[in-house]
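Novice: First, the structure itself, so that you have it in front of you.
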């Protein structure tokens, strides 16, 4: 048995893996033109359009993402290649395909969880939530400067290193080219995060939509997952603004979630909002990424 195969089997025995894959996961080989990999047979995540598996290459845990060709084209590969060196964006290591699937081989972030599960059982303190949202704005700004819009910003598409509190954006299956001037009539993201102008009029502009989704992520960081607010709650004028945060925090959320998109905060003004006063405008890397996996492989 090769060392990568041994390492993956060890990972599958950890409590984290037992929870994610169940004890039935086994290890199989998969070859590309460049490398031999080992992959768990049970997915970490099963979605309507893709399945995500844990894998291993020499010295490095990795993620396999299988995207159905019937559901969506291979745009995610094009976008990830264009964003390859963009801070805060998950890295594409390699790409292959078969008759049914686009297969993306993506970096694995140890000690991480998606933001949805990070605040599943707890409400975040304002200081931590504010830093997460500020990181998110900076990352989206970097994506914007490369000429793209993510298209599906939500808790599940953000992963956080639970030790360093650093986030990365994942799942670019809904990403499209940036077009600031023309209305968009197709919604590729998640319905619960849709902006009210699309709900009412059937169109939206990309940057006001982005501001809306950032506001949705922000307001839900202060709630248990089971209490998450979505568009319908806000349209009903439910009291969605967290009580125990600063006035500038309340102002930020209110101005991001303004029903009238013309009165909503502009995307370019987000980074200079008073709520983020004193925070550094830089995206910290997750230290020793791709090198030190001693906390995962035991």
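Cβ coordinates are placed from backbone N, Cα and C, and glycine is handled just like the others.
Per Swiss-Prot, the feature active site, proton acceptor maps to 152; the stated evidence is sequence analysis. The ATP binding site feature in Swiss-Prot is assigned to 45, 46, 47, 48, 49, 50, 51, 52, 53, 65; the stated evidence is sequence analysis. The domain 'Protein kinase' annotation in Swiss-Prot covers 38-276.
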Novice: Take the Cβ of residue 152 (active site, proton acceptor) and count every other Cβ within 10 Å, whichever protein chain it belongs to.
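Specialist: Result for residue 152 (active site, proton acceptor): 19 neighbouring Cβ atoms inside 10 Å.
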Novice: Which of the three DSSP states, helix, strand or coil, fits residue 152 (active site, proton acceptor)?
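Specialist: The residue in question, residue 152 (active site, proton acceptor), is coil (DSSP, three-state).
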